[in-house]
Amino acid sequence: MNRCWALFLSLCCYLRLVSAEGDPIPEELYEMLSDHSIRSFDDLQRLLHGDSLDEDGAELDLNLTRSHSGGELESLSRGRRSLGSPTVAEPAVIAECKTRTEVSEISRRLIDRTNANFLVWPPCVEVQRCSGCCNNRNVQCRPTQVQDRKVQVKKIEIVRKKKIFKKATVTLVDHLACRCETVMARAVTRTPGSSQEQRAARTPQTRVTIRTVRVRRPPKGKHRKFKHTHDKTALKETLGA
């Protein structure tokens, strides 16, 4: 019993010393001391360590939130700087004339042109083709050496709703070497009358046949009064009179 009282007095002295030196003592601690829950020095240590752990946890959470918020703000500021600041453009490099890997489609015409009721597998393969640009517009990248390569594909026929697998051979063309070659333009010689002749040759001619239809008029009959007169001179004199 005396030990408990001594413990209680030492705790009160410690609390007063702490309140005088630092922050005020919370009222929750007084309530826990007034209660009979503290019966030994171990209970007091648990109480003090529990409060310190809670405070340390709160400080740790606060530090973490500050660090996260600071990191997010820093990342946002970096993002704004990167968006706002102009990016450094790298120099352009010409695509030189050389062989490159391209994708070529295997159509059904390469296997069988008479039948369309089948599938080809694989539908496309890789080939080597010349590509690139040259220094002049009059020069193009063209292959100087080619090689035929045979590949085996599957021909899947559908007969009476059943699949029949067959093998077929397709010949592919690979480019081995490339070079920029001059494009030869066709020489066009023009003569003074050639332009009109070329235009006449280009424009399609349509033949138009015109048929003249003669309409037969009924013969002019003489007046009944002058039927008996056959002499034209006498008839003219009679009409003139």
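From the backbone N, Cα and C atoms, a Cβ is placed for every residue, glycine too.
Per Swiss-Prot, these features apply:
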- 217-230: compositional bias 'Basic residues' (COMPBIAS)
- C97-C141: disulfide bond (DISULFID)
- C130-C178: disulfide bond (DISULFID)
- C134-C180: disulfide bond (DISULFID)
- N63: N-linked glycosylation site (CARBOHYD)
- 217-241: region 'Disordered' (REGION)
- 1-20: signal peptide (SIGNAL)
- R108: site 'Involved in receptor binding' (SITE)
- I111: site 'Involved in receptor binding' (SITE)
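Features per Swiss-Prot, on structure.
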residue: C97; record: disulfide bond; Cβ neighbours (10 Å): 21
residue: R108; record: site 'Involved in receptor binding'; Cβ neighbours (10 Å): 16
residue: I111; record: site 'Involved in receptor binding'; Cβ neighbours (10 Å): 16
residue: C130; record: disulfide bond; Cβ neighbours (10 Å): 22
residue: C134; record: disulfide bond; Cβ neighbours (10 Å): 17
residue: C141; record: disulfide bond; Cβ neighbours (10 Å): 20
residue: C178; record: disulfide bond; Cβ neighbours (10 Å): 21
residue: C180; record: disulfide bond; Cβ neighbours (10 Å): 17
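For the pair C97 (disulfide bond) and R108 (site 'Involved in receptor binding'), the Cα-Cα distance reads 31 Å. Cα of C141 (disulfide bond) to Cα of R108 (site 'Involved in receptor binding'): a distance of 29 Å. The recorded positions shown are R108, I111, C130; of these, the one with its CA atom nearest the CA of C180 (disulfide bond) is C130.
Distances between the Cα of C134 (disulfide bond) and those of the recorded positions R108, I111, C178 are shortest for C178. The two recorded residues, I111 (site 'Involved in receptor binding') and C130 (disulfide bond), show a Cα separation of 25 Å.
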